[in-house]
């Protein structure tokens, strides 16, 4: 009912605006009484003048409505609306009140009846906002449908120009502007008045009267089973059939719902292009004029049944809702785009401020750079003067360096001589170390010899004791044997003397070996001290003597002393000395 209210309110709004002479949104109470009475009469609602008087009470400003006509309409008229009133008569009442004030039909190329139909189509296609206007997309839809119904396509180029012109002023038209453009022939060049009138009527029947399809077909009767030609009119929920196309005498209605169905039938009884509409209570057999018309009617009726099963209204009303939803989404997108543009503009302004600040800073930096350039030039002049002095000083320093290089060269020769001496001393040290090692080996051999001699001496002494014991035993046995024992004793004493002399000789050899060991130890200690002294000297010379030579352009060598300031030969010599010291420490 809300959609119905909106369409009714649009017609009432035109009538109210026609009565609002000074365009202040207020109408005199007498005129509102006449308008309300006319609306109640045409809509078959009992009129209550007492309620109107109570609703619109007079005030100190005069007999003007001060509580609003819209609440009165909703409470006393629209809420009581029934669906059995004639909507065309209702629209004609509202059209009669507003058309003569806003437009002169005599100066238009279309009739007053066609203007009324365009006015009704405008109310259907206009936005649900006041004041009522029709937007560009709906104007384009209306003109395209009108040209299709009129059988002409010459208005497309003119429509493109008009759309461009409208885009420069506004994207919408009022109903009177639309009637003026259409009645002046702006969109209908190349079409006859009759074709244009037929196109308006066909579009009016489709959009306002919900006529989806109409035409003559043959219908089979239910009682006499005869075939009669009827004028059929298809609406979203019914298929009505009349005696003729003037729609004066209706012969019946085929009520469509979601349980109905339409099917094609085979030719029979001399009839061709047959189809049947099956409803819950009865079925209807119909014959079209040709196969194309038959298929069109079946498709149109099937579409209505599908719309009813989905709970949808007529196709053109659903299309209007989809177009409005699309415009709303586009409007939301446009608003979002405008918001983003505002944000971008704010960001751009912020960037402009930052750029301005940067420009000022750059100007200040340029001024500072100019001052710095002036100072740099002065500094450069001072530096040139200093550079001349530095060149002279460098020349003197170079000469001194040449002298120092010559002196260092002589020192280098002395150093090389000392290095050579050190190498000789290293050789001598190696020989001394070898002698020390040999002495240690000899000492070990003497120790082993001494131990062996001591063992032999102990054995001899044990043997002598045995001889002495045997001698005492021999002396105790017999005197006769004494002589033999004396002789034997003498022999044994001689042997003992020989052993004693041999023992003394071994003792002297051991003493001599001990003296040699001490001498070798002294030599070893002397050589070690001498080696340590030369190590200190070499270390001192290695730390102090550096050959200063002009550098070469190749990559610099990195050593443990930093950037290399010695030659490759000296580096090899140092490697050899380091290896020798390492071997000595290991030994």
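For all residues, glycine too, the Cβ spot is worked out from N, Cα and C.
Any TrEMBL annotation is an automated prediction that lacks curation.
TrEMBL tags one of the stretches 475-530, 531-586 as coiled coil, and that stretch is 475-530. Computed over the domain 'PH' (210-306), the whole-number mean pLDDT of the model equals 89. In the domain 'PH' (210-306), the DSSP tally of helix, strand and coil residues is 16 helix, 45 strand, 36 coil.
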